[in-house]
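Here's the structure, in structure tokens; my notes come after.
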Amino acid sequence: MLTVVDHPLLARAVTTLRDKTTPHGEFRAVLNDAAAILAYEALRTIPTEKQTVQTPLEETDGVKLAQEVVVVPVLRAGLGLVDGFVRFVPEARVGHLGMYRDETTHRPVDYYSNIPPVRGARVFVVDPMLATGGSAAGALSHLKQRGADHLTFVCLVAAPEGVERLHEFHPDVDIVTAALDRELDDKAYIRPGLGDAGDRIFGTHP
Ligand SMILES: O=P(O)(O)OC[C@H]1O[C@H](OP(=O)(O)OP(=O)(O)O)[C@H](O)[C@@H]1O
Ligand SMILES: O=c1cc[nH]c(=O)[nH]1
Ligand SMILES: [Mg+2]
């Protein structure tokens with residue numbers, strides 16, 4: 001299932017992130033806020049179980065989360081979405097998957113993996129950009145090999161090509177995004193998009 005999160009504050013954040021004049025410090029801060037809204041939506045279906053709580057006056061019913069939460073950013077750009085999740089679920093475990101996209105083939109190249117236990121957990125793979133879908137599909141396959149059985153992919157901007165690829169190779173994985181853009185260009189950049197998310201977050205190419 002594809003969810004395009006519809007919220008005025010998120011739409012405004014995406015507009016700021018698309019703006020080429022937004023400097024990297026502001027880009028990071030606004031991406032953090034956008035990530036929190038995405039996390040809020042993506043966590044909507046997390047199961048809870050009953051827990052009693054003692055107020056200053058009496059005991060009453062409350063809830064606790066009934067499933068472990070694991071957040072897995074696809075490096076580098078995915079790091080920009082981690083805090084949005086961890087601010088709501090501070091006990092979340094965080095895995096890291098290092099991948100970059102080869103500039104000519106546009107195929108993902110793996111360079112790092114450090115993943116906590118994922119079997120039975122609710123696993124959120126986070127990366128601002130879903131372009132060809134090669135990186136996301138590779139990340140999801142890697143996590144399934146490690147036993148992940150409840151995966152959600154969370155991004156900021158998705159291209160139709162990437163959504164199609166994930167639906168084909170990972171039909172069991174829900175996608176949550178802030179925007180579904182028009183197309184990929186001949187360099188496999190998302191149009192209109194926001195450029196290279198990693199470079200914009202970290203200020204790599206002034
Ligand atoms: O859907 P795809 O076609 O695979 O493209 C999307 C990937 O490209 C970007 O990473 P990039 O390779 O720029 O690495 P970086 O995060 O280190 O900048 C982005 O953050 C995704 O991981
Ligand atoms: O538009 C794109 C495509 C891939 N990666 C990015 O950072 N941006
Ligand atoms: Mg990049």
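Glycine too: its Cβ is placed from the backbone N, Cα and C atoms.
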If TrEMBL says Arg76, Arg101, Asp127, Pro128, Met129, Leu130, Ala131, Thr132, Gly133, Gly134, Ser135 bind 5-phospho-alpha-D-ribose 1-diphosphate, which of Asp6, Asp196 does it name for the same site? Asp196
According to DSSP, does Met129 (5-phospho-alpha-D-ribose 1-diphosphate binding site) sit in a helix, a strand, or coil? strand
Other residues with Cβ within 8 Å of the Cβ centroid of Ile190, Gly195, Asp196, Ala197 at the uracil site? Pro128, Met129, Val157, Tyr189, Gly193, Leu194, Gly198, Asp199, Arg200
By the DSSP assignment reduced to helix, strand and coil, which category contains Ile190 (uracil binding site)? strand
Could you say which of the binding-site residues Gly133, Gly195 has its Cβ with the most other Cβ atoms inside 10 Å? Gly133
